[in-house]
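**Q** Supplied in structure tokens, the structure appears directly below.
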Amino acid sequence: MNSLVEDAQKAGARVGMTADKIVINGGKPLQGRIRVRGAKNLVTKAMVASLLGDTESLLRDVPAISDVQVVRNLLEVHGVLVSEPESGELVLDPRNVKSAHFAEIDAFAGSSRIPILFCGPLLHQLGEAFIPDLGGCRIGDRPIDFHLDALRAMGAIVDKGYEGIHLTAPDGLHGANIELPYPSVGATEQVLLTAVRAKGVTELKNAAIEPEIMDLIAILQKMGAIISVEPNRVIFIEGVESLRGYTHTAIFDRNEAASWASAALATEGDVFVEGAKQQELMTFLNIFRKVGGAFDIEDDGIRFYHPGTPLKPVVVETDVHPGFMTDWQQPLVVALTKAEGVSIVHETVYENRFGFTEALIEMGADITVHKQGLESVTRRVPRRPLEQAAVITGPTKLHGADVHVPDLRGGFSHLIAALTAEGRSTISNVGIISRGYEHFIDKLKTLGADFSVAS
Ligand SMILES: CC(=O)N[C@H]1[C@@H](OP(=O)(O)OP(=O)(O)OC[C@H]2O[C@@H](n3ccc(=O)[nH]c3=O)[C@H](O)[C@@H]2O)O[C@H](CO)[C@@H](O)[C@@H]1O
Ligand SMILES: C=C(OP(=O)(O)O)C(=O)O
């Protein structure tokens with residue numbers, strides 16, 4: 001077992017997810033109502049932002065997922081007092097922040113990419129930061145060069161060692177003109193979390209503008225930061241000397257919502273996703289509708305369902321926001337195995353994000369992955385060297401199989417595939433799914449899935 005899986009499982013155990021295997025008897029439509037809470041891709045960063053304040057912060061709608069537990073542990077080893085007054089609420093008190101030993105940090109950091117975002121806040125608070133090798137889903141190389149170049153531009157000295165990196169800022173951190181080679185989510189957050197308390201103004205060009213980043217900016221503004229988001233992916237940050245704590249309700253998890261939507265469609269079911277909102281899902285909803293899925297938007301959530309008519313093939317390209325999010329394609333691919341015709345999914349964000357299709361093929365799906373990408377007349381995103389394409393020919397009937405979860409979104413797609421398949425599937429390594437899907441076992445039960453769990 002590799003450390004990523006071990007970490008996910010250990011942290012999973014702390015969030016009430018101890019199963020390692022699920023045995024699913026497929027063929028039952030998912031039906032019912034589930035709720036999504038705050039987004040993994042905001043909550044974890046909001047927790048890091050609390051380090052920048054000089055008073056405590058209160059974060060609401062925090063999901064019980066293992067990535068939250070990882071970040072909580074990392075904050076605690078740095079002296080942040082973390083308490084949970086109510087379910088889904090975290091109070092984060094950074095008034096006694098202290099350095100931690102590398103071994104302690106390393107012990108907790110394995111299954112998440114968030115440690116890299118501790119750089120700026122720790123440099124501001126302590127003058128140094130140790131960052132261990134990063135976890136996160138293995139979906140490509142996932143380098144951190146944009147992060148380190150931006151930190152260097154703001155005055156950090158970066159020493160790369162055997163176990164990770166050590167950063168200092170002997171002359172303090174200052175504003176800089178930074179242009180990202182690609183609108184990276186993490187690197188944009190890195191610049192925001194560092195520049196807010198750096199001396200002077202930072203201009204960030206080619207920034208990512210995902211809804212979770214806008215929510216992080218809202219949090220930083222509550223803390224006292226001055227940040228303006230300009231047209232054409234430009235963000236200006238005027239550094240301030242100090243920041244206070246915040247009170248904030250996290251934006252909902254649009255990736256979880258889109259996953260349950262695809263599960264409803266693929267299983268010919270009907271799922272109301274409480275907490276889902278239209279605004280952040282518009283691009284997904286357009287594709288969902290083109291495939292033939294139906295949805296009703298209500299004030300408290302969105303109902304996603306299969307209308308009983310045949311599904312249609314689509315051509316989709318993953319992209320940065322406002323494009324079709326890379327984390328949405330894996331569950332959708334399962335629904336596309338049911339569509340009548342040839343669908344193409346171009347993955348333009350990561351270079352290796354179709355590993356999950358191997359299990360679907362084993363279950364009877366007709367999918368060909370083109371590792372060098374595929375030219376297409378309907379391309380909107382200019383070709384990137386990273387691109388891969390999956391061609392999905394449907395409709396196919398899936399049958400049960402024994403499969404192993406490779407990563408978070410791939411794992412969720414395996415669950416859906418097994419739910420649609422004829423017969424029994426055993427899915428192992430499901431602990432990793434708890435990195436980003438709160439109480440997914442309980443939710444499957446609520447939606448009427450036929451399964452049992454084993455540790
Ligand atoms: C915790 C979190 O929020 N994870 C999300 C975040 O990941 P993450 O922040 O890691 O993703 P990025 O946007 O940074 O990565 C996008 C692309 O840029 C490349 N890159 C990135 C940084 C760098 O220094 N050098 C470099 O080359 C990556 O390898 C990748 O090909 O955004 C991704 C894209 O929306 C989502 O799939 C992840 O769910
Ligand atoms: C790739 C993902 O997450 P992370 O960046 O945390 O690995 C994801 O959420 O699908």
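Glycine is treated like the rest: Cβ placed from N, Cα and C.
Unlike curated entries, TrEMBL annotations are predicted automatically.
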**Q** Out of Asp93, Asp106, Asp327, Asp366, which one does TrEMBL list together with Arg113, Val349 for UDP-N-acetyl-alpha-D-glucosamine?
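**A** The candidate from Asp93, Asp106, Asp327, Asp366 that TrEMBL ties to UDP-N-acetyl-alpha-D-glucosamine along with Arg113, Val349 is Asp327.
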**Q** Within 8 Å of the centroid of the Cβ atoms of Arg113, Asp327, Val349, which other residues of that chain place their own Cβ, given that this set defines the recorded UDP-N-acetyl-alpha-D-glucosamine site?
**A** Gly136, Cys137, Ile139, Val185, Thr326, Tyr350
**Q** Using CB atoms and a 10 A radius, I'd like the single residue among the binding-site residues Lys40, Arg113 with the highest neighbour count.
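**A** Of the binding-site residues Lys40, Arg113, the highest Cβ count within 10 Å belongs to Lys40.
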**Q** Among the recorded positions Arg113, Cys137, Val349, which have a Cβ atom lying under 6 Å from any atom of ligand 2?
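**A** Once distances to ligand 2 are taken from each Cβ, Arg113, Cys137 fall under 6 Å.
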**Q** To the nearest whole angstrom, what is the C-alpha distance linking Asp327 (UDP-N-acetyl-alpha-D-glucosamine binding site) and Asn41 (phosphoenolpyruvate binding site)?
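**A** So the Cα of Asn41 (phosphoenolpyruvate binding site) lies 11 Å away from that of Asp327 (UDP-N-acetyl-alpha-D-glucosamine binding site).
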**Q** For the domain 'Enolpyruvate transferase' (25-444), provide the mean pLDDT of the predicted model.
**A** 95
